[in-house]
Amino acid sequence: MADIDEDAVPPSGQPGVEVDLSEEAQDFRFLANLLNAGSQHKLPKRGEKDFEPDATQMQTSVLEASRAAMEDALSYTRVHRGKNRTKAILDYGGCGAFVEKPHDRHFMTMGRWTGGQIWLAPEEALYLLERGSLDVQWPPDLLPGDEGAHGAGEEDTVPMSLQAAYSVFIGMGQSLERPLTMEMYSVYAHLKRLGYIVIRAGIAQVEGPTTSPPARTTSLFSFLAERRSRSAAASLEKRGIAGPLVSPGLYRSYGASSPIHRLTISNKMLDDIFHLLRIIPSHNPTTKPTDTPTPPYFDPDQTPDPDALSITFHVYKPSSNYSKRSPPPPDYQIAVMSARETTVPSLAQLSSLLASTPYAPPPESMPLYQRLKKGHRNVILAIVDCGIVSYLTASDAGFAIEGIQWSPRKRGPPFKRSGGRKGRHRAAKPTGNGPR
Amino acid sequence: DSPDPVSLPIPISHLAHRYFLYSPPNIAYLRRHHNVCGVLIGSLPQVPSQNVFMGLPLELMPEEARVLVERGVAYIVDDVAAHREGLEKLKTADGAERRREYMRLLRDVGRKDAEEVMRKKEEVRRGALERAAKKRAEQQKKNGEDVGAEQRVEGGDAQDVDDGTELFSQRSGSVASRPSIPTESYNFITPTSSSPLFDVPPSSECASTSPAAIPVPDSYPLFAHLHANGYFLFPGMRFGCNYVAYPGDPLRFHSHFLSRGVKWN
């Protein structure tokens, strides 16, 4: 699984050596090390594996030990001990759960208050139940407990099993307005286990980011960009349709040091030989995405495109000071896709998906290649294949305005520029770090 | 060769077009005898904040479910219908008896856990007391060697030590005489599987033994062929293929190749 972002990766042992242990089947014999270590950051070592079965007793016994350890680990029973027990009652109609006395740190970021109780969304209830932090009970009117078995005042409700929770929260919720799909839950739980704060998009309306870019007249940057494109068009006209791309003359300027610098000396730009050679119109991510291409089969009178992608989750880094009442703009936005039911998204799908994300141009201080990677808008696609999640970043990168043809000369020592030769040119649009 | 306490056929939960297993013995059985491993997708409650070791449920690819149903070792249960119907059935008088039985079962597990916790606590306390006693004994010895200086203080110390040991013996005595736990104490359990409360036999209306009822992708013939040849297969989307093929249990062996089904005709 690709990491979401380099800076969001939890601290690992050695930087540079990227070994994602979650990518492969783990030897459950090493789980004991993890349990005894008591530290979450200490991940077990990769177990030694063999090439193929060689019918030796030794191999068989090791495999048997691994299988037994696995079965043992899976046979663990979720127990709620004493004061650590948090009880919830299933909300069968709304397919969620009500928590009466939330006293767990999880409720800092999960659930919402309704009438003196916390209501948990299906993914929240299922996740907490699965990790053994929540004891969800069947509502007594649906499945009464064992009356009279306890003393007076004791509860008599039946606990929901993990299996029942999956079938209710995912299976029965399909008829709801905003159903929880298995793909969504896989992504949700995966990110929660990593420590991220994950909120379903659309449930808590995020006020912060606006979807439209700043008005163009107010921005010096876009003003200059516009002016530049106008003068470029003028220069194109000047040289005529059939004229030479580069009219005879003396050319000394092969580009300036930074995009901003380049723009402020836009007159000189006309002398720039690379600029004169540019004849193919290119995409500018700073423009408002109203002119997103629609697929030819799409009829605006009909219902919205059923294949349209949409943002599923807002994700916050664990360290952010997130508040349930007024959530800040999310750090990442994730769109969940099923590997088995969908294909590679089309440009139209991706464009409209990106148009729904907030406009967030990369900061000027960022190195060129990172700026390209981040883009002016970006979204993470989470592709789920039978419970295995791959993450891909799609970003609206300004290849034309970043000026990738000019070497990033003044950005560092001449021979230490990051990635100029190490093949990071591979970054294509949409940039992605791909399923590894 | 190893005795597997598994009753065949095995129920596979079908839910939102996915196939799940919740029972560890069944999962182990299918791994051992039918080279089906599936993907563990749940959080492991022992260590919930990591993605390396995963827990129940185990998700099966539709291909795996179909192969197992074709072999007659498993049948498909519509989990939503099973739970809906089960809830209705439990409202009857017969259901009430089953419910009571189920609760008794859970309470037994909870009581055992409570006893276990108490026993461990006791062990820890006893260990701590023994360590404390040892430390005091050492201290006493050290003080004894350190005769020269303060007779009076030393005497006071000795008094303290005496008190301590007396207290200790008293305590351990009381521990021994007290019944280890009150009999009514038990912990609350969240069971993993809905069995026995919502069990569905293969003959039920919510169950299906027909392999054709399991929709599979075009690459299914490839899957069936590799599986019949003894390969363990993992879903391979992240490697850009249909299946990752392992020569033996992926717990022990490296993958040999990636495979991709290409439609013929």
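Glycine is treated like the rest: Cβ placed from N, Cα and C.
If you check TrEMBL, you get these features:
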| type | residues | note |
| --- | --- | --- |
| DOMAIN | B:10-79 | domain 'TSEN34 N-terminal' |
| COMPBIAS | B:123-155 | compositional bias 'Basic and acidic residues' |
| REGION | B:123-164 | region 'Disordered' |
| DOMAIN | B:219-258 | domain 'tRNA intron endonuclease catalytic' |
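Residues 31, 35-37, 39, 61, 63-64, 66-67 of the same chain, all 6+ positions outside the domain 'tRNA intron endonuclease catalytic' (B:219-258), place their C-beta atoms under 8 angstroms from a C-beta of that stretch. Model confidence over the domain 'TSEN34 N-terminal' (B:10-79) stands at 88, taken as the mean pLDDT rounded to a whole number. Look at the domain 'TSEN34 N-terminal' (B:10-79): DSSP puts its residues at 21 helix, 25 strand, 24 coil.
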